[in-house]
Amino acid sequence: MRLPTRHLLGIEGLHPRDISALLDLAESYVLLNRSGKTRRDVLRGRTLINLFFEDSTRTRTSFELAGKRLGADVINMSVSTSSVSKGETLLDTAATLNAMNCDLLVVRHKASGAPALLAQKVDAAVINAGDGMHEHPTQALLDALTIRRNKGTLAGLTVAICGDIAHSRVARSNLLLLTAMGSRVRVVGPPTLIPSGIDQFGATVFHDMREGLRDADIVMALRLQTERMSAGLIPSAREFFTFYGLDAAKLAMAKPDALVMHPGPMNRGVEIDSQVADDATRSVIREQVEMGVAIRMAVLDVLARTALAHA
C-alpha cells in the first residue's frame, strides 16, 4: 500500500481504506514481533531520526524499536544537548537535518503545526509524533488496532473518551479516526475541559461521568495535561478524581465486557484508579504499548514505499 502523501502529519486526510490497510499491515507485524523475528530488509540503508522537543517514553522508544526491527539506522537526537538549546530555530534545524540526507524524520513538538512546517522544508518523510494540542496520529492508529483486535471491528462501537479533552492531541486524533471508521464517540469531562464545537466533529458531549459511560464498549481515560493548562480549570486533582476519575463504580455503568484504555503516562488516583488500570480482564493498557511498536513499523514501512513512488 501507499499513502496519498509521503508524510503522516495527522489522521485528518487519511481515507478509511488507508486506515484499514495500515491496521492490516500492523497485524502482520504483531505476529512477527511475537515470533522474535525481524524484517531488516525493509529499511536497510535508510536513516531514521527521532527529533523530540518534548519528553517521551513510549512513543520515542517504540519508533526506535520499529526502525531497528526493520533494519534502519536510527538516531535519537537529544534536543537538550543540540544546537536548539543554543537558540537555533526550527527551520535552521530542519535545514541542517536536510543536509544530512536522512530518509525518515519523526517529530514531536510543543507547537501545533511544527511537523507540517518541517515537512515543507525537508526531503525526508515526516511523521508527526505529537504536536501541541493538534494531533498524535500513530497513537490513534495503535488504539484502533488494539480495539479491533479485541472487538473484531470499530464500526458500531461506543467509545467514551474521558478527562482532559481540551488539551489532548490524542483525543482529537482518536475522534477523527473512530468516527471515520464508524464508531460512536462520546467525550466526557467537566465543561472547562471540553472544547466548544467538538460536537461538530461527531462527538456527543457528557459532563456526567456515569451517564457518559453508560453501555460504552470502550472507555479511554486521558491524563490532565497540566503543562498546557491555565490555572483554575479544575478545583483540585482530588476533586477531579471524585467526579471524573475512572474507578470500579463508574466503570460498572459501561458494558460488562467494556475495555479500559489509556495512552499513558498514567496518573493513578487522578484520572484512573489502580484497580481499574491493572484489571487483567478489562484493561488493555499494556497491549496498547505492544501495538504501538507494530503500528509504527507499519507506518515506517508504508512511508518508505510511498517515498519511492514519489521519487
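Just so you know, glycine gets a Cβ as well, placed from its N, Cα and C.
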Checklist outcome for this item: In Swiss-Prot, carbamoyl phosphate binding by R58, T59, H136, Q139, G264, P265 extends, among R17, R108, R184, R305, to R108
Checklist entry - Reported as an integer number of Å, what is the Cα distance between G264 (carbamoyl phosphate binding site) and R223 (L-aspartate binding site)? => result 8
Checklist outcome for this item: Whole-Å Cα distance, R58 (carbamoyl phosphate binding site) to R223 (L-aspartate binding site), is 15
Checklist outcome for this item: R108 (carbamoyl phosphate binding site) and R223 (L-aspartate binding site), compared by Cα position, are separated in whole Å by 18
Item to check | R223 (L-aspartate binding site): nearby binding-site residues from T59, H136, Q139, P265, Cα cut-off 10 Å | outcome: P265
